[in-house]
Structure formats: structure tokens, C-alpha cells
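A quick write-up on the structure given underneath.
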Amino acid sequence: MFDKTLAELAQGLERGDYSSTELTQAYLQRINALDSQYNSFITVTEEQALAQAKAADEARAAGNGGALCGLPIAHKDLFCTQGVRTSSASKMLDNFVSPYDATIVSRLKNAGTVTLGKLNMDEFAMGSSNESSFYGPARNPWNTDCVPGGSSGGSAAAVAARLTPAATGSDTGGSIRQPAALCGITGLKPTYGRVSRYGMIAFASSLDQAGPMAQTAEDCGMILNAMAGFDPMDSTSAERDMEDYTAELNQPLAGLKVGLPKEYFSDALDAGVAEQVRNAVAEFEKLGATVKEVSLPNTELCIPAYYILAPAEASSNLSRFDGVRYGYRCEDPADLEDLYKRSRGEGFGAEVKRRIMVGTYALSAGYYDAYYNKAQQIRRMIQQDFVNVLNDVDVIMGPTTPQTAFKLGEKSSDPVSMYMEDIFTLSLNLAGLPGISVPCGQSNGLPVGLQIIGNYFAESKLLNVAHQFQQATDWHKQIPAGVEV
Amino acid sequence: MSLDRSEVEQIAHLARLQIDAADIDSYSDSLNSILNLVDQMQATNTDGVEPLAHPLDAVQRLRADEVSEVNQREALQAVAPATEEGLFLVPKVIE
């Protein structure tokens, strides 16, 4: 049963093969039995899950169940969940029980989903390996010596190990797509503003975007239907009509124009990854797509620009953690400054402190023009590159990551080598564009992800393109060796 | 651009972060390697390029100046480290 997709489980509920309560109990038992291998959950919310499942069963019996009613999911632990610890994987918020729900949490709750628990991540979503979590790293189900990617590493690991059929994630520089690629699942980062940021613990507010992670594009569309939409509580929420993101899944791809950026296929790209991505592109040609080389000339500049802008925004956002209103407070502060400094010094981990300091420096007097303003100018150049190419093609394809999952500890002592992991993903956050990672092959027994990039608000197109690929291939159905279903 | 110990201490002070003296050199090394990375930007000519703050160049939405929130003081202060009579407690600020 645990190999089933969300769409298949929904059919089972509809047919009455099992109740939501039975489904929820089965997943809770599975998490309790297996998650010690993966450390993908920070908190399992058994009691709430069973209460939600009971309510969902009653709603279905009364004929009130929607598409997601009674289906189990889990949330990345940076989405506020009322009455449940919301830690952002930080010591700073280890004691924080949220007094309210994030908009996406309440929307998914209203859609009848059952929340199994809260998922592991890099601390405050800062990382590409899940190793900066206060609760220890999540592990990659394909090889538990390897990282699951990050920052939504727990979300990706839990879906890959079939501990939950789907999960939420957030993506500031690749944090949905990179772990999806490394764990062999499907993950969508929507257009900036498509999904509300209200109640999502902020990292870099002009880049942050929440999205779905699941086995298939179809499942991601089902979840996005509940997550997306205008929210007056988010000042940058896009004011657009609701869409059905599953409506275009079955459109044929004949005539689809695909661009392959030459900068994404340099010698630095792992040969095994390059081969699998090229095979995937050939599959699209069989489906009727036409493929041409395109150029995104400022690709290399996205890393320096991002590592100014994201830390600068983070240093401002994380100033709210002061040991006064919520979160960690140091013992016996001598005075107010000591309270601030020790609460923050003791409550934040090393990578978070590094980024706060980089951001503080970049925004400090005398350096603003050289760093922040320069990075914002480069951000526009990167966006213009994409706009030019997307005037010419429907979607852009390339590898999601430069290599497959790496070993725990391999990059954790060198932040800059870790940052290179996101070279293909973070340009989309800078430009605000949507992107999806789909499993497209394996190299040395580890999954390879194909990134498909579309124009602003083209999520339906991306899900259509990904779904058609998944109808023609079965990479998304591969389950890690050792994961029994 | 290279930061020395005293500059790292000054940045940590501005960010209100207590850093152990023993860790300053390692922060200094990693901050310098990050700054070397971001300094790749400086070789790029950006003359006349308008900075981009919002990917869709959206402007701030305004709303009517009306009360929209209910008072949730007790719920919000339930997670505070120290409160008294509805106030957040901090060490004495004024002698």
C-alpha cells in the first residue's frame, strides 16, 4: 500500500478500500517503525492526526469530502502549526508551540488532509544537506550514508522512504527541488507570490516560496490546488484567480519547444548526471518536443548575487529572535544586550550565524552599494536572461543539481562548496520563476533530477510536461533498496 | 576584501551575536571565503541596470485603515520566556 501515490490513495478512500483512520494508523505505525533510520520527522502528531482522520471519515460519509479529504501529508517544520511545536530545526525555537496556523497549513487542513507530523530540515532552511538541523541530519533513503539534500531534506526523505505520500516544502534557493532530485521524488517551486508566505518562518522574504513534494507531478498538482491562491495576510501574495493545476495534465506535448541552456552542461557537470538528463531530453523528443540550445549567460553570477541577497534578508528577518517574546532565552542575562547576544549566540547554529554576519556586513554603512545594490542589479540581469529565453521556448530543461547525493560530512566544513550545490536552482528564486524537479534516471544507484523551468505562473504547464514524462517513464516509481512497501 | 578578527567581532556585535573567542578565527576564515565568492560580482559591469527588489516588480498593497485583528495577547504571550501582567519582562534597562 505504501507505494501508492496520493491520487491512488484518494481512489482507495473513495472506493472504501480503507478509511482515512486506517490509512493514518498505517502510516503512523510505519513512521514509528522505520524513521529512526532516516530521522525525517522532528515531531509526529499522532493524536491530532487520528482526530483529523476521524473528522475526514465523517465528512466523506456525509458526502462532503473533497479531492484531498482524508489523505495523510506532513509539513516541513517551518510552517506554523497551531498547538504543535514549530522549530525551524533550531534550538532557538525548540520550545516554540505556534499559537496559529500558517495559511497553507489551514488551507490543507480545510481541504481535509491529515497531518502526520513535522519534518526535518536545515536550520531556518539554510543549507543544502539537512546537516545544519538542531535535531541531527535526515538521511537519504537511497543510501543512509548520504545526505537527502536540503533544506527540505526531511520532506524529501520521508516521501522517498514512503513514510508519507506527500509533504510540503519551502524553496529559497533550491530547497524543494534539490532534495527532491537527490531523493528521487517530484518537487515544485511555484512562481514567487503564488503560495502564501503567512506563517512560514521567514528566511529571505523576496525569494521564499512554499510548494508541494510527492511521488508524482499529478500529486503535486493536487496539493498545489489546496495551497495556492491569494492571501491578504501576505503582502506579496499574487492577486490571481484560482486555477485547477491538474486540468492540463493530459495535454499532449507535440510541438513543445524546449530550451537547453549551454551553461548548464559545462565540464563541471557530473558525467552520470549529464547522461541521464540527456536521455530524459531524448524522451521528450519522442513525445513530440523540439529541442534547441539556448543561453543564460549570467548563470555563474547567480551564486554571488544570491549569497548577498539571501543573507542580507535573513539578517533582517532573524533579528526578531531576541529572547524576549518567544523562543530561546539564555540563563541569567546580566543586561539587555547580554540577553540579546547570548540568546542569539546560543540559540542559533554556526551556518545561521555565518549568514546573519554576511548579511549584516553587506548591509552595513559603506558597503550597501558594493554588495546589496550590486546584487540587485545582477538579479535583474539574471531575470532578463530568462525572459529572453522564455520568449523563444515554452520550457527550459537541465539538471536540478550538478551531482547526485553526496556523503554526510563531505561538504559541511566548507560552506562555499555547499553553496555550489544550488547553482542550477537559485537563479529561479532570484527571477521568481517556477520550476519542478522530476526523477529522470540514476547514476551509481542514486537518483538524478531533471529541472523543468517555465514562465511566470506557468505551473499548470510545468505539471503537464512533468506528468507526460511520468506517463512515459517509471523513474518516479523507483523505490530505494531496503525500503519495503 | 578580507576581514580580520576585530572586524568579525564588530559585525557580530552589530548582529547582536555572542561568538566565543575561540571560534572567531574559524568565522573569519569562512566569512572571508564567502566574501571572496561574492566579490566575483564586482567584475561585472552593471552600469544603468535597475536593481530588482521584487521579481514581478509589484508594489506594496494597501488596505483600509480599519481594525482587522482581535486581541490574542494571552495566546501570544503563552510562548514568551517571561511575562508579568501582560508585559514582556527584560533585564532592567534604566537605572
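Glycine is no exception: its Cβ is also placed from the backbone N, Cα and C atoms.
Residues annotated as active site, charge relay system in TrEMBL: A:K76 (among others). Counting only same-chain residues at least 6 apart in sequence, those with a Cβ under 8 Å from the Cβ of A:K76 (active site, charge relay system) are A:K118, A:L119, A:M121, A:S152, A:G154, A:S155, A:A167, A:T168, A:G169, A:S170.
The active site, charge relay system feature in TrEMBL is assigned to A:S151 (among others). Around A:S151 (active site, charge relay system), a 10 Å sphere centred on its CB holds 34 further CB atoms from the protein chains shown. Secondary structure from DSSP puts A:S151 (active site, charge relay system) in coil.
Under a cutoff of 8 A between CB atoms, and with a sequence separation of 6+ in the same chain, the neighbours of A:S175 (active site, acyl-ester intermediate) are A:M121, A:D122, A:A125, A:S128, A:G150, A:S151, A:S152, A:G169. Per TrEMBL, the feature active site, acyl-ester intermediate maps to A:S175.
According to TrEMBL, the feature domain 'Amidase' maps to A:22-463. Per-residue confidence over the domain 'Amidase' (A:22-463) averages out at a pLDDT of 97.
In the three-state DSSP assignment, the secondary structure recorded for A:S175 (active site, acyl-ester intermediate) is coil.
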